[in-house]
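Engineer: My questions will all concern the structure given below.
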Amino acid sequence: QECKCHGLSGSCEVKTCWWSQPDFRVIGDYLKDKYDSASEMVVEQHRESRGWVETLRPKYTFFKPPTERDLIYYESSPNFCEPNPETGSFGTRDRVCNVSSHGIDGCDLLCCGRGHNTRTEKRKEKCHCIFHWCCSR
């Protein structure tokens, strides 16, 4: 909720409030946190009076069971390291990676443990520098 005050000289004689969406970054960070802590489930079939019923149970019982607010999954993601025409993935071979990053663009993650080649480039470029005389005597 956001609010704004109205009045003379910034006084808050009238206050108007409205609901607003959180910052997009906050929402993204929240969803990423949920994704990273998602619980893997197993589909079990059992017979009841009305026929076969499928239920989900946590794959790993030593973790606490997921709540209604947690994300769950029962199929693993495909291997994005190798090309897969079915999913349209080209794999990660020959991609440019960032040696100093530990994020998704880092070589350890992006190269899927295959190792990476490092190339050093030297470039001569015009810097478009301009000399500004700063001071008078």
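Even glycines carry a Cβ here, placed using N, Cα and C.
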Engineer: For Cys17, which disulfide partner does Swiss-Prot record out of Cys3, Cys81, Cys97?
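Structural biologist: Cross-referencing Swiss-Prot, the cysteine bonded to Cys17 turns out to be Cys3.
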Engineer: Near Cys17 (disulfide bond), meaning Cα within 10 Å, which of Cys5, Ser9, Cys97, Asn98 (recorded positions)?
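Structural biologist: Of Cys5, Ser9, Cys97, Asn98, within range: Cys5.
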Engineer: Tell me, by DSSP, whether Ser9 (O-palmitoleoyl serine) is helix, strand or coil?
Structural biologist: helix
Engineer: Work through the disulfide-bonded residues one by one (Cys3, Cys5, Cys12, Cys134, Cys135) and name whichever has its CA nearest to the CA of Cys97 (disulfide bond).
Structural biologist: Cys134
Engineer: For the recorded positions listed here (Ser9, Asn98), which one has the lowest count of neighbouring CB atoms within 10 Å of its own CB?
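Structural biologist: Taking Ser9, Asn98 as the recorded positions, the minimal 10 Å Cβ count falls on Ser9.
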Engineer: Can you tell me which of the recorded positions Cys3, Cys5, Ser9, Cys112 is spatially closest to Cys134 (disulfide bond)? Compare CA atoms only.
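Structural biologist: Its closest listed neighbour, by Cα, is Ser9.
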